[in-house]
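**Student:** My questions will all concern the structure given below.
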């Protein structure tokens, strides 16, 4: 490969609705990086890595943890469940991965506490009980934790260093959230789940149980708590290459996604700066990860969605060959044709420098492929995804049809070795979206990657 440029930083973002295969590519690119940074989301994200045939699922810790010697950072834009963090750390340590000496956690991270997940589940249940469509959250407490952050009442990692301050803030927070949870209980739309039972007494989340667990976590977290903003800026000055790892995808961004069917954070590349504490001038290359087809978990509009549960259909082929089940929830992913008009929107809001196309091998064996190049919306032809779920739901895709291929692309590592029709499909995606293809993934394995332009070597 081309030699990496010293002091170069790359942002990796999903360009669809998440699940694009970012984890593998972050792991692959970390060969050229000295630090990997998570800058938004929480343990609702799910990244799967396959290294030497061994599968590892990560939800909170940056994917670079699988590369020995690489430092990993959890930035201020992440909402942190200490309980889930230590579950993940212990799982990695059992597999022989050194974590604690390499992981740095921003003291400004808001904490996810046990009642946040209960609020998340209660609200989804209330929507369903009231006849509304569910948002499709993971039920992990991400949204309620971000709400507390924006309302300026969140408990943050730095509060764990001050037990009296933490206790006072926790009491205020519990008074508010217990009141809300009681209203859901009385409505009959919600019951406390088993995970919350250890924290309950007389139908309320108890201060002592939450506080004592938090103080146990505080002792374990102390060696990893850091001024992540300062450390990242110092690392850059020293010539380190940094990789900023996005979670979820652009169409789940709270501002730019299919609102309200979105997550609670900004998933776009610009948030790599705000969510980690570096200036935007330090973001040198933005790599957009996109599947060779589209998938979505949960509710919300999906213009190119296919019948994916019926055997013998292209959608069923994508679902089964692509093993389209959520890493975090296990829910089946909805499947559909590639949407280049959607990708135009993602390219616009992220400022994409290059694309990485993943899961190309899943399309092997399909006789023909359809590529969405625009939509009919209320009698008008448009060539970019509109803003707003209601408008997107009314979009009728305009397709181009391309020939498929029968030869296997699994494990191909040279572009010229791909079937001619596969190359034409990729070239048409680049033409319609006006974004060059930098990388292509031809299986989940780390080494099954075609490199066109290395993000750390591009001028």
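Backbone N, Cα and C atoms are what each Cβ position is placed from, and that goes for glycine too.
Sharing the features that Swiss-Prot gives for it:
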type: ACT_SITE; residues: 19; note: active site, proton acceptor
type: ACT_SITE; residues: 47; note: active site, proton donor
type: BINDING; residues: 18-24, 46-48, 333, 359-361, 441-443; note: GTP binding site
type: BINDING; residues: 19, 20, 21, 22, 44, 45, 46, 47, 138, 152, 248, 263, 331; note: IMP binding site
type: BINDING; residues: 19, 46; note: Mg(2+) binding site
type: BINDING; residues: 327, 328, 329, 330, 331, 332, 333; note: substrate binding site
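For the listed features, I'd like the structural context: burial, neighbours, distances.
**Tutor:** The Cβ of residue 19 (active site, proton acceptor) has 29 neighbouring Cβ atoms from other residues within 10 Å, across all protein chains displayed.
Secondary structure at residue 360 (GTP binding site), taken from DSSP and collapsed to helix, strand or coil, is helix.
In sequence order, 14, 17, 18, 40, 41, 44, 45, 263, 265, 267 are the residues near residue 248 (IMP binding site), counting only same-chain partners six or more apart with C-beta under 8 A.
Residue 19 (active site, proton acceptor) carries neither a helix nor a strand DSSP state and counts as coil.
In the three-state DSSP assignment, the secondary structure recorded for residue 332 (substrate binding site) is strand. Neighbour list (residue 332 (substrate binding site), Cβ cut-off 8 Å, at least 6 residues apart, same chain): 297, 308, 319, 324, 325, 326.
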**Student:** Pop the Cα-Cα gap between residue 46 (IMP binding site) and residue 19 (active site, proton acceptor) into the table, whole Å please.
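**Tutor:** One finds 8 Å between the Cα atoms of these residues.
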**Student:** Among the binding-site residues listed here, 18, 21, 46, 330, whose Cβ has the fewest other Cβ atoms inside 10 Å?
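**Tutor:** Least crowded of the binding-site residues 18, 21, 46, 330, by Cβ count within 10 Å, is 330.
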**Student:** Tell me the Cα distance separating residue 330 (substrate binding site) from residue 360 (GTP binding site), rounded to the nearest angstrom.
**Tutor:** 22
**Student:** Are there residues of the same chain, six or more positions away from residue 331 (IMP binding site), whose CB falls under 8 angstroms from its CB, and which are they?
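**Tutor:** Result: 297, 298, 325.
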**Student:** Can you tell me how far the Cα of residue 330 (substrate binding site) sits from the Cα of residue 21 (GTP binding site), in Å?
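**Tutor:** That comes out at 16 Å between the alpha carbons.
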